[in-house]
Amino acid sequence: MGHFEKGQHALLNEGEENEMEIFGYRTQGCRKSLCLAGSIFSFGILPLVFYWRPAWHVWAHCVPCSLQEADTVLLRTTDEFQIYSWKKVIWIYLSALNSAFGLTPDHPLMTDEEYIINRAIRKPDLKVRCIKVQKIRYVWNYLEGQFQKIGSLEDWLSSAKIHQKFGSGLTREEQEIRRLICGPNTIDVEVTPIWKLLIKEVLNPFYIFQLFSVCLWFSEDYKEYAFAIIIMSIISISLTVYDLREQSVKLHHLVESHNSITVSVCGRKAGVQELESRVLVPGDLLILTGNKVLMPCDAVLIEGSCVVDEGMLTGESIPVTKTPLPKMDSSVPWKTQSEADYKRHVLFCGTEVIQAKAACSGTVRAVVLQTGFNTAKGDLVRSILYPKPVNFQLYRDAIRFLLCLVGTATIGMIYTLCVYVLSGEPPEEVVRKALDVITIAVPPALPAALTTGIIYAQRRLKKRGIFCISPQRINVCGQLNLVCFDKTGTLTRDGLDLWGVVSCDRNGFQEVHSFASGQALPWGPLCAAMASCHSLILLDGTIQGDPLDLKMFEATTWEMAFSGDDFHIKGVPAHAMVVKPCRTASQVPVEGIAILHQFPFSSALQRMTVIVQEMGGDRLAFMKGAPERVASFCQPETVPTSFVSELQIYTTQGFRVIALAYKKLENDHHATTLTRETVESDLIFLGLLILENRLKEETKPVLEELISARIRTVMITGDNLQTAITVARKSGMVSESQKVILIEANETTGSSSASISWTLVEEKKHIMYGNQDNYINIRDEVSDKGREGSYHFALTGKSFHVISQHFSSLLPKILINGTIFARMSPGQKSSLVEEFQKLDYFVGMCGDGANDCGALKMAHVGISLSEQEASVASPFTSKTPNIECVPHLIKEGRAALVTSFCMFKYMALYSMIQYVGVLLLYWETNSLSNYQFLFQDLAITTLIGVTMNLNGAYPKLVPFRPAGRLISPPLLLSVIFNILLSLAMHIAGFILVQRQPWYSVEIHSACTVQNESISELTMSPTAPEKMESNSTFTSFENTTVWFLGTINCITVALVFSKGKPFRQPTYTNYIFVLVLIIQLGVCLFILFADIPELYRRLDLLCTPVLWRASIVIMLSLNFIVSLVAEEAVIENRALWMMIKRCFGYQSKSQYRIWQRDLANDPSWPPLNQTSHSDMPECGRGVSYSNPVFESNEEQL
């Protein structure tokens, strides 16, 4: 894949999360014929290999060519997984439209030649080449020579073009062309037929290997265990297929309503028509009525306004107001023109329009942006259908270990062939014995053993109200070493209590008006702002909306109504929202206030603005938002000089502070024509709204538990920086002895380059710091003692963006100690999580779903505290809306990881014990009988495999993690040491039994009554007690090796069953302990009981009691040595840490490398300094390593 023909290679979705490499290939008839012949002569093995390795299928059938000539494309993901897939290039024929619309090859099919659709149509035959990848269509752009996504309006369109080109709808001809090329507007998730699920599961390499093993066992008349494996496989496959089928049905029900909605579509010539939503295409003009409607596509609002419930996307059921896209004479793309807040104009698929307000034309109109799987809901569904692979390192290690076992089996096969060929055995017997070695050395149950711990952990989590849609991520939970938390609704309570209002005038701030006293708020602009500056709606007689807005409005004791119901005021449009004072409100000179227009709140802008009309009075604009943002839009002389210190008083106590401002407008301006920039300027500052947002009771103890376990905790919030710092201190995320350093970065302005400054936050000394974005207390100096303490960096989303753009080399150094990230937008939250992952942290993200969906999806482990549909994108959802689920999840993850490794070690040892025993017996051209194999495989190993994993998670989080890799020194040493120990014991038993005075190769007798008499034990081969069926297996070597191997399997299970510090002690697993006791008792009973019939069944020989005691002694010594080695060496963390230090081993994790390289620089952090992006030294700074997390990554 290193050399490509010209035009053969390209990138699909370049720069996006689902970026892929695409390679062009052309099918060759001769290659196809050869592969068909190979499939026949290999009895279907070749197609199976091609199924497992898609790239091999393409390389075998096709030759490389340019993408333009390709009929097959090979796709490879650009992430670390490098997953291959292939797709056939298909043709879409538009020739059918010739007769319907009279199209000619030269006829422009679209009104603009720049549209992708025009460039994708091959003329004169009117055909389109396309591929379908993960439910998305990509068409070949002949002009640019690349595959491009179709099903969306082009991003380059400006707002003026959207209004002009699509404001009147599409012609019928354009609709039909787009329908053919873009496909139907459906999110089809078919309920996968059971037979398909069954075939897919059966073709798993694990089950193919089992099929091979079963066939071999049937040929050897080893029917009992073959049937047992078949039954277990059927149960396993049935459960898996059932789970997959249930998930498929649930997902189908989740999206099926989307495909059967009737909508009103306006055509350019056809007028308004009622159509099925499945026929919608990008560019269609939707007409929204006042009725509730579920959006079947993504659409941009161009006229009127809507109130939308976006709970499915955000996890939050607070209605959101959408405003029309302004028509501006500019060629700038509409998303760029709207900046980060373009979503305020977009109605997303799957959201519910609960209220549509018409504009002057009397209609609410929206242009379809995206259809089908290109929509927001389609993207969410695709993330479920095609999840990002997890725990790849563990899977890769498992494959490597299996390959080692295969290598061992190969050596055993060569040994077997040599022994049996030299012995003159028949060829078919030699082959059968050689193949037996594979099923012994590579046990069919090995892959399943790795998942059993996960299954039990999932059940325990379910009992705690934690639900999981991606069970494989439970193991990843055991590796978490950094957890990010949203603040509002996650660390703090959902509800906000209005504590008071601080108004201001020319003399500065007035006394706090407390609502606890029950006194009504005096009339004035501040009262009017509280009554009208919100996004509340009246739905079925109930006021609904953001809790903050609701608390603020309720404090005024005003009422809400529609203008069309009780009021008929000139200049107020029909059905405008009107607020009016009630009887209990203070004396008000106006009859009411009509809300004419809203500029909705967004987390990116951190403010909202409304235009209102006092009935019989002035037209006003009110703004509400983050204090620092609102103050920046006000006339400087109206902002009190004590603004910073006043704000500090409340934010340092953890209050949430909102600022209010207003201005008068001219009555002759139409409210909807005014731009946001015009309205939001030269405002008059009104005061501060103080709301209380208390910590949840569970927050502090949970964070203390995580920190004591050396798991980093990070806060990512959209709230004020000072409030975030206060919450971090109150919650224990930042202790009293630790310092907080503010990092502030500013964009390039004029001639000055981007800058970054570092300041120590001081809680005791109050000094004014007048920057608009951050109002916190600082101090100028840091004592030497302070420098030696722990530091936590705090910064805003704006600073994070500037650092990412202009100081990227400093970003990893800042993240080493970055703890508080405030004013973060949803996109910045996702980016921050990704940056932590680049430093090799295992990142967890816990949020309530509101604005956290991207970060929840990006993290290794996303934990949603919301039960909305958005939680579908998160692997874990907690029914209990607090962060107590986080330590529970980590504990269960650690337990599941340790359990998986324990089972892996046990299954590997069990196979090696049996492997060693069989190869020793092969030396004597002997083996174990079917019943002997059955007893070991079914009665011992299967029962242990089922019960060994029942240990629960240890209730305490320890300050280190379990090993995250199968190929780790302690685990490898444990496996190799125990294999060698068992090998030594088996060889010793094998040799010693042959040197006993009573030993004879001619003994084939069952037990005698007086077996102490050697003479009675030594019988002739022709003795009547001899049984023909036993002549192949019965020998003293067989008896000795079988007892040693069988009981060794039991003792190894006890040695490998781990308890503290990650799992409950073994003695608490009562079922497992009982199984071991019964198994050991049965084995000892068989060993010492003289029951001829039992011995005949198991093909065993009686031996003197002294030899039986010798077997027990050998097993006891083996158990004691193994247990001591496991506890004193393998599980001795202190010893391994000392060995690491002696050999100078250092972690290769990126963040550990940063810590080692930058830990001892006395100049870090550069306090009271400002660096600029054009200064060379700013990119070569050094970082401070936080001693709190110094040994966070140490693991065995």
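Glycine is treated like the rest: Cβ placed from N, Cα and C.
Just so it is clear, the model here is predicted, and its values are computed rather than measured.
Considering the side of the membrane named for each residue in Swiss-Prot, Tyr222 and Pro955 do not coincide. Looking at 72-92, 282-302, 933-953, the range annotated in Swiss-Prot as transmembrane segment turns out to be 933-953. For the topological domain 'Cytoplasmic' (1057-1070), the residues of the chain that approach it from at least six positions outside its boundaries are 478, 891, 894-895, 897-899, 902, 947-948, 950-954, 956, 958, 962, 1131, judged by C-beta separation under 8 angstroms. Outside the topological domain 'Lumenal' (219-223) by six or more residues, the chain places 432, 436, 930, 933-934 with a CB less than 8 A from a CB of the stretch. Sequence-distant residue pairs (6 or more apart) of the transmembrane segment (933-953) and the transmembrane segment (1071-1091) include at least 3 whose Cβ atoms are under 8 Å, placing the two stretches in contact. All protein chains considered, the CB of Asp486 (active site, 4-aspartylphosphate intermediate) has 27 other CB atoms within 10 Å. Against the transmembrane segment (1110-1130), stretch 973-993 shows more Cβ pairs under 8 Å than any other of 198-218, 401-421, 973-993, 1071-1091. Recorded stretches compared: 198-218, 901-921, 973-993, 1036-1056, 1071-1091; the one with the most Cβ pairs under 8 Å to the transmembrane segment (224-244) is 198-218.
In terms of DSSP helix, strand and coil, the topological domain 'Cytoplasmic' (1057-1070) has 4 helix, 1 strand, 9 coil. Secondary structure by DSSP for the topological domain 'Lumenal' (1092-1109): 11 helix, 0 strand, 7 coil. Sequence-remote contacts of a segment are chain residues at least 6 beyond its ends whose Cβ falls under 8 Å from one of its Cβ atoms, and for the transmembrane segment (1071-1091) they are 939-940, 943-944, 947-948, 950-951, 1007, 1009, 1011, 1043, 1046-1047, 1050, 1053-1054, 1057, 1098, 1100, 1102, 1105, 1108, 1111-1112. In this structure, Asp848 is the one among the binding-site residues Asp848, Asp852 with the smallest number of other Cβ atoms inside 10 Å of its Cβ. You'll find the Cα of Asp486 (active site, 4-aspartylphosphate intermediate) roughly 7 Å from the Cα of Asp848 (Mg(2+) binding site).
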